[in-house]
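According to TrEMBL, the protein has these features:
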COMPBIAS  1-16  compositional bias 'Polar residues'
COMPBIAS  42-54  compositional bias 'Basic and acidic residues'
DOMAIN    80-507  domain 'Major facilitator superfamily (MFS) profile'
REGION    1-67  region 'Disordered'
TRANSMEM  78-99  transmembrane segment
TRANSMEM  111-134  transmembrane segment
TRANSMEM  146-166  transmembrane segment
TRANSMEM  172-194  transmembrane segment
TRANSMEM  206-224  transmembrane segment
TRANSMEM  236-255  transmembrane segment
TRANSMEM  309-328  transmembrane segment
TRANSMEM  348-369  transmembrane segment
TRANSMEM  390-409  transmembrane segment
TRANSMEM  415-436  transmembrane segment
TRANSMEM  448-470  transmembrane segment
TRANSMEM  482-504  transmembrane segment
Amino acid sequence: MSGSPTETISLATSHTHVLAHDDTNDLHAPQLPSREGLSANPDHKNEDKIKDKDVDDDDDDWEHDSANPRNWCPTKKWVATTLVSMYTFVAPLGSSMMAPALPDVAIKYGITSPTVTAMTMSIFLLSFAIGPLFMAPLSEMYGRAWVLHIANLFFLAFNIGCALSPNTATFIVFRFLAGFAGSAPMACGGGVIADLFAERDRASAMALYTLGPLMGPCLGPIMAGFIAESVGVQNLFYLIAALCGVAAVLGIPLLKETYAPVIKLRHGKAVQDPEKAATCPALTPHQIGRWAYLWINLKRPVILVTRSFICFILSFYMALMYGIYYLMFATFPVLFSEVYHFSTGISGLAYIGIGFGFLSATIFGARISDKIYIYLATKNGGKGKPEMRVPALIFGSFFVPVGIFWYGWSAQAHIHYIMPIIGTGIFGFGLMTTFLPIQLYLVDTFTYAASAMAAASVLRSLLGFAFPLFGEQMFATLGYGGGNSLLAGLAIVIGIPFPIWIYYAGEGIRAKSSLARH
């Protein structure tokens, strides 16, 4: 992409353009008839060469520039990672915090349909899926930091709206809007990690970031059961709003911009499109208008998930596990209140099993992932590849169906309540152990890290929205054993053979793909 540094913000998240030359017409605005800045005048050609050399020199300088987030001191990097992880924790916390209080919500608003009751929780995930399609390109146009800050403030406001909603329709609308605003950290967070850390140093930071969207939905119900039982369900949303306020007080002054093109722009440095070999550079926002530019970028996550089979299958596997995860949330209140006779407050403690599994996977999974990657990279002459993330994924994929089978059949048999909770812990361990390498693989493979993560987030949240809507009916028909066996079978079919195939064939597929980094 050409243009002066005062006009252009590069679209790239990392170092290489994710799109091929033959995809240019689909993914960019119409091109200028001839190469922008190119003239038939030989003097102008010389000027072009000088400009290209200046940009190359600026790129070399940027590698060693203290403003480059990759060159920040470790403390500054981890402060940024922690703040992004905090933002990423609050929004998913709000997605499921009301899970143990769903019966109370139904009573408050006079809801009699189990599908509508489940929708009051899962509608959040529908907009949570749509939001990244807007948030990811906005973060690549204007930078990560203020997209995160502003979205957090809107999330705060919409949760207050949920607390004050007078009827079901208003409540569902505010839940939908809250999900849209809360999707920003999911869309931008992976890009921030990619901005800050090189591939071999990324696993621990990604583990902390991934902990938010997985631990948030788990810890929320643990707290929410007692809060809803003692002071009312509306106070759950006031608590979420208060946490957003704390995140804003810490994040706004401390979280600095990490997106390199925006930092370069603010420092008056040249910003060059990473696809230097492109025959025709894409037009800049200044040339085609911000709305047209935004539309072009909105298509990028859709293009990634529809034109890259690897991106699709990994995203779909994440989505399947996320759907099962939220299906458990929606059915826990019925299982533990009707079968095990837990009160609303005590039923929230049933989510501890998943949380323990997540924590165990975070502690051990990140270390295992890092060690495997470094070991394989060392054997490969010190050069890492995205496929070196896959062995950790294969390892975690075996725990997912085991946990689902254990949970389903122990609940079906009505044996001691600790047994289904142990099953959810095994499932949680497998879920977290697989999520981490999948996200690392996507970040390592695709240059537009935020858009790749957004593509995965869209599928993940869509199934997270849909699964709870049919969960109660499925378990009523098949039972907890049969229903969970069906889900475990899907996890085996998708989660075991495809990662093995990617490990052996992924490099060749990436080499032929126009969407992958080479």
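Keep in mind that glycine also has a Cβ here, set from the backbone N, Cα and C atoms.
Most Cβ pairs under 8 Å with the transmembrane segment (448-470) belong to 309-328, among the candidate stretches 78-99, 309-328, 390-409, 415-436.
Between the transmembrane segment (206-224) and the stretches 78-99, 111-134, 482-504, Cβ pairs under 8 Å are most numerous for 78-99.
Computed over the domain 'Major facilitator superfamily (MFS) profile' (80-507), the whole-number mean pLDDT of the model equals 84. Put simply, of 78-99, 111-134, 146-166, 390-409, 482-504, the stretch with the most CB pairs closer than 8 A to the transmembrane segment (172-194) is 111-134. Between the transmembrane segment (236-255) and the transmembrane segment (78-99) there are 3 or more Cβ pairs closer than 8 Å, counting only residues 6 or more apart in sequence, so the two stretches are in contact. The stretch with the most CB contacts under 8 Å to the transmembrane segment (111-134), chosen from 78-99, 146-166, 309-328, 348-369, is 78-99.
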